[in-house]
Amino acid sequence: MAQSVTAFQAAYISIEVLIALVSVPGNILVIWAVKMNQALRDATFCFIVSLAVADVAVGALVIPLAIIINIGPQTEFYSCLMMACPVLILTESSILALLAIAVDRYLRVKIPVRYKSVVTPRRAAVAIACCWIVSFLVGLTPMFGWNNLNKVLGTRDLNVSHSEFVIKCQFETVISMEYMVYFNFFVWVLPPLLLMLLIYLEVFNLIRTQLNKKVSSSSNDPQKYYGKELKIAKSLALVLFLFALSWLPLHILNCITLFCPSCKTPHILTYIAIFLTHGNSAMNPIVYAFRIKKFRTAFLQIWNQYFCCKTNKSSSSSTAETVN
């Protein structure tokens, strides 16, 4: 049966579509920049591509599914569950990509001489594959049984088979709040965020120690190296900060829902928290453009070559740029 869309839902859909229209092209641009620019081919940028792929999927898949769920169509229980799980997969993928980036930056400043022999392209690819495998396992856990099926069945005719079980599809109807808080947040979101915080604190401490060493004629190169590392570390720490700022409010609301069932959370706060989580997928390309010179150079090359119909003869020399 067709369901009318309220004015509030129309506003929600409009904002979600706007986020998707910024997120998808922006992150495709990030992937494109890494593909065309040799200076963006090290391990860090491979992990950034993995993060960008997850963000593209948020705009192209999760946001449309979120709009459908917000309308609340009548669907079979597991069909609704399948629409709710992708956001869990992609959130975990983003967290693990950010963790891989943090570990990579730590190794760059901790063992700069041996870094390239330790962090090889093959090992980076294996790490990315492992991140995605873990993300699917964590995000699909509700499909394996940790969901609200038994709770919903308790309110219905027990003689009805699961395949005939039709519900109004909403995220909180099918996803267990115990799963969201105890497993998703307390195990797979909060600990990695705290670990990344400690890693970046150590990265900044190592860089500060190196930069505070007495500069001599023989130490110009190390000073320059660590100065560049400091700039990129600050930019990637900003990406982490924005991710935490975007996702923690929704997880805090989930904790309130679980631990204080009688507490009434205003719907507007829930929607703002959802907008923050989805909007985070559009933030990273903006950070890269303004904070990382390699990306800024690559973005300008793409713009000049493909959108301004200019043949930038100097692009080949810029491509070989190795500024870190």
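Quick reminder: no glycine exception, Cβ is built from N, Cα and C everywhere.
Under 8 Å, Cβ to Cβ, and six or more positions away along its own chain, Cys80 (disulfide bond) finds Ile69, Ile167, Cys169, Gln170, Thr173, Val174. Look at Cys80 (disulfide bond): DSSP puts it in a helix. Annotation source Swiss-Prot lists disulfide bond at Cys80-Cys169, citing sequence analysis.
For Asn159, the entry in Swiss-Prot reads N-linked glycosylation site.
Residues or ranges marked as S-palmitoyl cysteine by Swiss-Prot on the basis of sequence analysis: Cys309.
Swiss-Prot lists 1-10 (among others) with the feature topological domain 'Extracellular'.
Residues or ranges marked as topological domain 'Cytoplasmic' in Swiss-Prot: 34-46 (among others).
Residues annotated as topological domain 'Extracellular' in Swiss-Prot: 70-80 (among others).
Annotation source Swiss-Prot lists topological domain 'Cytoplasmic' at 103-123 (among others). Across the range of the topological domain 'Cytoplasmic' (103-123), the DSSP-based residue counts are 15 helix, 0 strand, 6 coil.
Under the heading topological domain 'Extracellular', Swiss-Prot lists 147-176 (among others), citing sequence analysis as support.
Look at Swiss-Prot and you will find 202-235 (among others) tagged as topological domain 'Cytoplasmic', backed by sequence analysis.
Positions annotated as topological domain 'Extracellular' by Swiss-Prot: 260-267 (among others). Predicted-model confidence for the topological domain 'Extracellular' (260-267) is 92, expressed as mean pLDDT.
Taken from Swiss-Prot, the feature topological domain 'Cytoplasmic' applies to 293-324 (among others), supported by sequence analysis.
Marked as transmembrane segment by Swiss-Prot on the basis of sequence analysis: 11-33 (among others).
Residues annotated as transmembrane segment in Swiss-Prot, with sequence analysis given as evidence: 47-69 (among others).
According to Swiss-Prot, the feature transmembrane segment maps to 81-102 (among others).
For the transmembrane segment (124-146), same-chain residues at least 6 beyond its ends with a Cβ under 8 Å from one of its own Cβ atoms are 43, 46-47, 50, 78, 81-82, 84-93, 96-97, 100, 104, 174-176, 178-179, 183-184, 188. What Swiss-Prot lists as transmembrane segment is 124-146 (among others).
The annotation transmembrane segment is assigned in Swiss-Prot to 177-201 (among others).
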Helix-strand-coil residue split for the topological domain 'Cytoplasmic' (34-46), DSSP-based: 10 helix, 0 strand, 3 coil
Segment-segment contact (the transmembrane segment (236-259); the transmembrane segment (81-102)) at 3 or more Cβ pairs under 8 Å: yes
Contact between the transmembrane segment (47-69) and the transmembrane segment (177-201) (at least 3 Cβ pairs under 8 Å, separation 6+): no
Cβ neighbour count (within 10 Å, all chains shown) around Cys169 (disulfide bond): 23
